[in-house]
Amino acid sequence: MVLLRKILNAQLISAALRVITLICKLVFVIYLGGKLSLSDLGDYGLIAAMTSYSIYFIGLEAHSYVNRKGIGEDSNKWRVLIDKQLGLYLFTSLVFLVITLLLSQLHALQFKYLYFFLGITLVEHFGQESYRTLIALRDQLAASLSLFFRAASWVIITVLIFQLEIYRVELTDIFSMWLVFGAISTIATYIYISKRYTNAWYFTPKLDYRWSVSAIKTALIFLMATLSLRLMQVLDRVIINATSDKETLGIYVFYTSLSMAASALYMFFGPSRIYPVLVALHKGDDKAQFKIVSKKLLFISFLMGAFFCLAIPSFLVVASFFSNSQLFHIQQNPLLLMLVLGALLANAINLGYQYILYCKNLDRVILLSNCIGLSASILYLVVIYCVYQVDAINVAVAVLLFYLASIAFKFFINKQTQ
């Protein structure tokens, strides 16, 4: 009974920490909208989007291979796996750094805060991988503590400094806090994993060519599906940065950052909780119950997406009474906000179908659906570029089109495989 109480308390604290972390991200976006200039907000959003996408080129989704091999194994097996995983990651990190710096020197890649981008990308990658390892080891509380320190603690400190006016916070200070707290959290997490689960103070990275090739091959389809899905979430900001001014980028970043923070919240409360049930039903070949739970998943995805579509503009209306920033006055950019919220709802439904197809082991279908959506969006932007001009509104339409095309194909395949 005492053990059960401890487990329940740990799960409750773990869930609370994750919710607080997600809420901190949402509040931070709102706070930056009121404190930073639109130009700085645009730069912040651009770096954040490029970082979130670049980590996949370092990790190559090899964690899926490591976790599959490690779950249920003893500490010696885990140590060997993590040593090889870190060896692969150090190699891919070096390749990533060299290519990025080379492109910068050749003027093929130019933007402010390049070195912050490189540092934060590496820190976020290793931080995310250590978090995933703790999840695979079923140490939920440690995983949540690691995530909170890496993603929320510096946000809280930054907001306090802003609020108390102790120091004039610049964008470089925000990036510095992100980098430092991320590095400390990541190092501490790996030390904890090593000491707790392998009885040593540190890991010894080892580059094993055969193992690395096997890991990359296993994760390749999953990696490509993820890259195709995430591409529109960074390509939109890159295009607006190239075709519009920094103020327009700042407005777009603010709305889409709110949308992405809301997406993380409904993922935690919705699909991620039903997904394990679907996996068990599929393995048990219970088609009737699988269909019922699938409909429940889609309904909850729609419901939570719709909730945030109403909650975000409602909050902005209230915030407009306390701030003169045009970001909070939705009547100044109504069409852009409506398109971003439409994409938020479409993304919720798209992810619902994606979870269902994952349960059916239809990874290639998911990749194809994302590629179809991406092709439709790019074709639309090319046509607009030829006959008119690309602006933030057209980019937002392209993002919405991406999700709608993906949903249509996933819906068709899901019907065919029931």
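Just so it is clear, glycine is given a Cβ too, placed from its N, Cα and C backbone atoms.
Note that TrEMBL annotation is computational and uncurated.
Here is what TrEMBL records for this protein:
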- 12-32: transmembrane segment (TRANSMEM)
- 44-66: transmembrane segment (TRANSMEM)
- 86-107: transmembrane segment (TRANSMEM)
- 113-131: transmembrane segment (TRANSMEM)
- 143-162: transmembrane segment (TRANSMEM)
- 174-193: transmembrane segment (TRANSMEM)
- 214-232: transmembrane segment (TRANSMEM)
- 252-269: transmembrane segment (TRANSMEM)
- 297-322: transmembrane segment (TRANSMEM)
- 334-353: transmembrane segment (TRANSMEM)
- 365-387: transmembrane segment (TRANSMEM)
- 393-413: transmembrane segment (TRANSMEM)
Check for me, if you would, whether the transmembrane segment (12-32) reaches the transmembrane segment (393-413) - at least 3 Cβ pairs under 8 Å, residues 6 or more apart in sequence.
no
Contact call for the transmembrane segment (334-353) and the transmembrane segment (297-322): at least 3 Cβ pairs under 8 Å, seq gap 6+:
yes
If I count Cβ-Cβ pairs under 8 A between the transmembrane segment (143-162) and each of 113-131, 174-193, 214-232, 252-269, 297-322, which range comes out on top?
174-193
Sequence-remote partners of the transmembrane segment (365-387) [C-beta within less than 8 Å, at least six residues beyond its ends]:
221, 224-225, 228-229, 231-232, 239, 354, 357-358, 394-395, 397-399, 401-406, 409-410, 413
Are there residues at least six beyond either end of the transmembrane segment (297-322) with Cβ under 8 Å to its Cβ atoms? List them, or say none.
30, 34, 258-259, 262-263, 265-266, 269-271, 274-275, 278, 328-330, 337, 341-342, 344-349, 351-353, 355-356
Determine which recorded stretch among 44-66, 113-131, 174-193, 252-269, 393-413 has the most C-beta pairs below 8 angstroms with the transmembrane segment (214-232).
44-66
Against the transmembrane segment (174-193), which of these stretches has the most C-beta pairs under 8 Å: 44-66, 113-131, 252-269, 393-413?
113-131
So if I exclude everything within five residues of the ends of the transmembrane segment (44-66), which remaining residues of that chain have a CB under 8 angstroms from its CBs? That is, six or more out.
32, 36, 81-82, 85, 88-89, 92-93, 96, 111, 113, 116-117, 120-122, 124-125, 128-129, 132-133, 136, 171, 174-175, 212, 214-216, 218-219, 222-223, 226-227, 230-231, 233-234, 237-238, 241, 249-250, 252-254, 256-257
Other than its close neighbours in sequence, what residues sit by the transmembrane segment (113-131), given a CB gap under 8 Å and a spacing of at least six beyond its ends?
43, 47, 50-52, 54-55, 58-59, 63, 85, 89, 93, 96-97, 100-101, 104, 143, 146-147, 150, 171-172, 175-176, 178-179, 182-183, 185-186, 189-190, 193
